[in-house]
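Novice: Once you've had a glance at the structure underneath, I'll fire off some questions.
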Amino acid sequence: MDTPNKDDSIIRFSVSLQQNLLDELDNRIIKNGYSSRSELVRDMIREKLVEDNWVEDNPNDGSKIAVLVVIYDHHQRELNQRMIDIQHASGTHVLCTTHIHMDEHNCLETIILQGNSLEIQRLQLEIGGLRGVKFAKLTKASSFEYNE
C-alpha cells in the first residue's frame, strides 16, 4: 500500500484578514464560481508564484512563455506591418499568432511568445505603444514544478 507523500497532502492553516478583504474574497468566490475559499486562495498563490518566477529567475534564460493579447483598429495605417516588424526585430520567438475580426473596426490578435522575460516585456511595451493599439495585455506562464 502506498503511503501518502507529506508534500501531496492538503495542509489546513488559518489566515487573519480585515472584514473588507474577507468580503471581497467571498464576492470573488461567488462571481468566479469557486467551490470554496481554499480554491480561490490556491489559484491566487499559483498566480503569484508564476509572477515571482518571472522576476526571480534568470531573465536571460529564454525559457519564459507568454501570451500577448492585442486589440487594435485595423484601419490604422500600416499598423499591421509595424506590429510584424516589431515581432521580427525582437529576440523573442513568436510561436503562434491568431487573428480575429471583432467588428467592423477592431481586430484581436493573440501572440504566443517564448524567450527571456525582458525581451517579451519589451515587445509588449513596443506593440502596446503603437498608435491604433487599444489594448495590449501580457499573460505570463511558467512550467515550474509544484505539487497539487
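Going from the start of the chain as shown, residues are counted 1 onward.
From the backbone N, Cα and C atoms, a Cβ is placed for every residue, glycine too.
Checked Swiss-Prot, it gives:
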BINDING   H88, H99, H101, C107  Ni(2+) binding site
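Thinking about packing and proximity, how do these listed features fit into the structure?
Specialist: Look at H99 (Ni(2+) binding site): DSSP puts it in a strand. The Cβ of H99 (Ni(2+) binding site) lies under 8 Å from the Cβ of C107, L108, E109, each of these being in the same chain and 6 or more residues away along the sequence.
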Novice: Over all shown protein chains, what is the count of other CB atoms within 10 A of the CB belonging to H101 (Ni(2+) binding site)?
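Specialist: Taking all protein chains shown, H101 (Ni(2+) binding site) has 10 Cβ neighbours within 10 Å.
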Novice: Just counting, how many other CB atoms are there within 10 A of the CB of C107 (Ni(2+) binding site)?
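Specialist: Counting Cβ neighbours of C107 (Ni(2+) binding site) within 10 Å gives 17.
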